[in-house]
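Chemist: Structure provided below as structure tokens; questions to follow.
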Amino acid sequence: MAAPHLCADGSCCSHPSAVPGVQQTLEEMDFDRGIWSAALNGDLGRVKYFIQKATDPSQPDSAGYTALHYASRNGHYAVCQFLLESGAKCDAQTHGGATALHRASYCGHTEIARLLLSHGSNPWLVDNDGMTSLHKAAEKGHEDICSLLLQHSPALKAVRDRKARLACDLLPCNSGLWDLLAS
């Protein structure tokens, strides 16, 4: 609620004092001031600060995303590496079932996907749509990540999502991935 201010005639009224559209909810303020925003923006110094202040590296925000989800999605390798070394759970799932590997795979961050796999991330986990990280990489045509995931777990290409689709069924038109995923 806006703070009352004095009108020109001296009476007290309740006019909004904030600029319309420039308000933040408490939830948004928590995000901006927390480890999630630092990870999203690749601010390793702030992420280290939060961890040194005993912030749980796997603490989820209101949507279930952890700092590792945000760093993975945005390609911040050093932040991902630090979070994993600080005990972040690589397979934490959002309310929609996404893992950091899902996010890195969808966004095309091959080296982060490799890092997550080297820390034990499970490529067999599915989101609420039944999609694996391979589905997410294929959907966006990320050949390097598809190859990486199949080197790690070749049988992933036989996994069907909740709509009975294989990863190869999600390939963009004219994708060179057909041979890799459909064979």
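From the backbone N, Cα and C atoms, a Cβ is placed for every residue, glycine too.
Per Swiss-Prot, the features are:
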- Ser153: phosphoserine (MOD_RES)
- 30-59: repeat 'ANK 1' (REPEAT)
- 63-92: repeat 'ANK 2' (REPEAT)
- 96-125: repeat 'ANK 3' (REPEAT)
- 129-158: repeat 'ANK 4' (REPEAT)
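Describe the structural surroundings of these features, if you would.
Modeler: Around the Cβ of Ser153 (phosphoserine), a 10 Å sphere holds 17 further Cβ atoms from the protein chains shown.
Same-chain residues lying 6+ beyond the ends of the repeat 'ANK 1' (30-59) with a Cβ under 8 Å from its Cβ atoms: 24, 65-68, 70-71, 73-76, 78-79, 82-83, 86-89, 92.
Within its own chain, the repeat 'ANK 2' (63-92) has Cβ neighbours under 8 Å at 35-36, 38-44, 47-48, 51, 57, 98-101, 103-104, 106-107, 109, 111-112, 115-116, 119-122, 125, counting only residues six or more beyond its boundaries.
For the repeat 'ANK 3' (96-125), the model's average pLDDT works out to 98.
Cβ atoms under 8 Å from those of the repeat 'ANK 4' (129-158) belong to residues 97, 99, 101-102, 104-110, 113-114, 117, 123, 165-168, 170-172, 175-177, 180-182 of the same chain, restricted to positions at least 6 beyond its ends.
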